[in-house]
Amino acid sequence: MNRLIVVLGPTASGKTELSIKLAKKYNGEVVSADSRQIYRGMDIGTAKPTKKEMGTIPHWILDIKNPNEPYTVAEFKNDAIKIIRDIQKRNKLPILVGGTGLYIKAVVENLDIPRIGANPLLRQKIEKEAKKNGLDFVFQKLIKLDPEAAYIIDSKNPRRVIRALEITLLTKKPFSQQRRSGKPLFDVLKIGVSTAKERLKEKIYLRVDKMIKEGLVKEVEYLVNKYGADQQAFDAIGYREIIKYINNKKPLGQVIAEMKINTWHYAKRQTTWFKKDKRINWVRNYKETERVIDKFIMK
RNA sequence: GCCGUGGUAGCUCAGGUAGCAGAGCGCUUCUCUGAAAAAGAAGAGGUGGCCGGCGCACAUCCGGCCCACGGCA
């Protein structure tokens, strides 16, 4: 049996609650697919499930890194596959839950991510070059080495251009020949938590207020003290805004308003990402979810 | 009532010597293979408070009115 249930949806749609309910009913274990809940100490701001919520359900890929440690899709893919296989081996049902679309895609479609890791020094060098001569200069350099890349990557997106050049330079092979999907590893059922637009917005706003009440400012203060504000992990909604408040750059009220709108924008980006995936079974309530899963398990 | 300042996109406001109406934010749609809560792209919004005048042509000049804010009475 290599079944895998995926629970996805925009932030604040209710994935956590649903996944735990499902894990209880179907003898499952939860594997988180969330790029920020990975970090220890980032609890309130990432809406990480609490011990109490989790109850007896095992949760994986939560709290595996400190905020000063980098983590990437490629690592996630390896970690997740290993854990999912282990859960299956123990005859339990793995439930991959999260809103990080790329992480889910990497696992479900077995993306063959170029083996070349991030090379900070090279990136810095290219970044400097882009700053000096313009991004297009770097882009031209890339398509000289790999003309096909011009069709694949967004010439206006610094990160895409830089990564493509990084891969091409370090592997000495055209970047465009190095992006493939592998064969699917799992028999997957994707469940999308559907929430009406206005309702989702409302939930997001309420949740931001709740985070503040629960002590987000203290959480961020503690982490910034411990690790310094300049961490990749803190480039996350809630953290970067509160850091501005802590550094006396902005009043709290303004920062809270920004959190709300930024979370909303994030939810919309997630929706755009998920929208084109026709394999997602969008469910409106728990009953529907059970029906979809029962059918999947029966086959 | 008088004096002053203002009324331009959903919001905050530029510009304004008459010659295609602007920005930021928001909004809509989209992209995505070792940073993805990241990084990017495209687009839709205007009877320039209202009425009249002068002009080939007015957001812009002139007159009147309305509204908002501040000051004086």
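Cβ coordinates are placed from backbone N, Cα and C, and glycine is handled just like the others.
Because TrEMBL annotations are produced automatically, they should be read as predictions rather than curated entries.
Model, not experiment: these values are computed from the prediction.
Taken straight from TrEMBL:
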- A:Gly9, A:Pro10, A:Thr11, A:Ala12, A:Ser13, A:Gly14, A:Lys15, A:Thr16: ATP binding site (BINDING)
- A:Thr11, A:Ala12, A:Ser13, A:Gly14, A:Lys15, A:Thr16: substrate binding site (BINDING)
- A:34-37: region 'Interaction with substrate tRNA' (REGION)
- A:Thr100: site 'Interaction with substrate tRNA' (SITE)
- A:Arg123: site 'Interaction with substrate tRNA' (SITE)
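Sequence features, as recorded in TrEMBL, placed on the structure.
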{"residue": "A:Gly9", "record": "ATP binding site", "CB count, 10 Å": "25"}
{"residue": "A:Pro10", "record": "ATP binding site", "CB count, 10 Å": "26"}
{"residue": "A:Thr11", "record": "ATP binding site", "CB count, 10 Å": "21"}
{"residue": "A:Ala12", "record": "ATP binding site", "CB count, 10 Å": "25"}
{"residue": "A:Ser13", "record": "ATP binding site", "CB count, 10 Å": "23"}
{"residue": "A:Gly14", "record": "ATP binding site", "CB count, 10 Å": "16"}
{"residue": "A:Lys15", "record": "ATP binding site", "CB count, 10 Å": "26"}
{"residue": "A:Thr16", "record": "ATP binding site", "CB count, 10 Å": "24"}
{"residue": "A:Thr100", "record": "site 'Interaction with substrate tRNA'", "CB count, 10 Å": "20"}
{"residue": "A:Arg123", "record": "site 'Interaction with substrate tRNA'", "CB count, 10 Å": "15"}
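Between the CA atoms of A:Pro10 (ATP binding site) and A:Arg123 (site 'Interaction with substrate tRNA') there is a gap of 31 Å, rounded to the nearest whole number.
A Cβ within 8 Å of the Cβ centre of A:Gly9, A:Pro10, A:Thr11, A:Ala12, A:Ser13, A:Gly14, A:Lys15, A:Thr16, the residues given for ATP, is found for these other residues of the same chain: A:Gly99, A:Val193, A:Thr195. On the 0 to 100 pLDDT scale, the region 'Interaction with substrate tRNA' (A:34-37) averages 98 in this prediction. For the region 'Interaction with substrate tRNA' (A:34-37), the DSSP counts in helix, strand and coil order read 0 helix, 0 strand, 4 coil. In this structure the alpha carbons, written CA, of A:Ala12 (ATP binding site) and A:Arg123 (site 'Interaction with substrate tRNA') are 34 Å apart.
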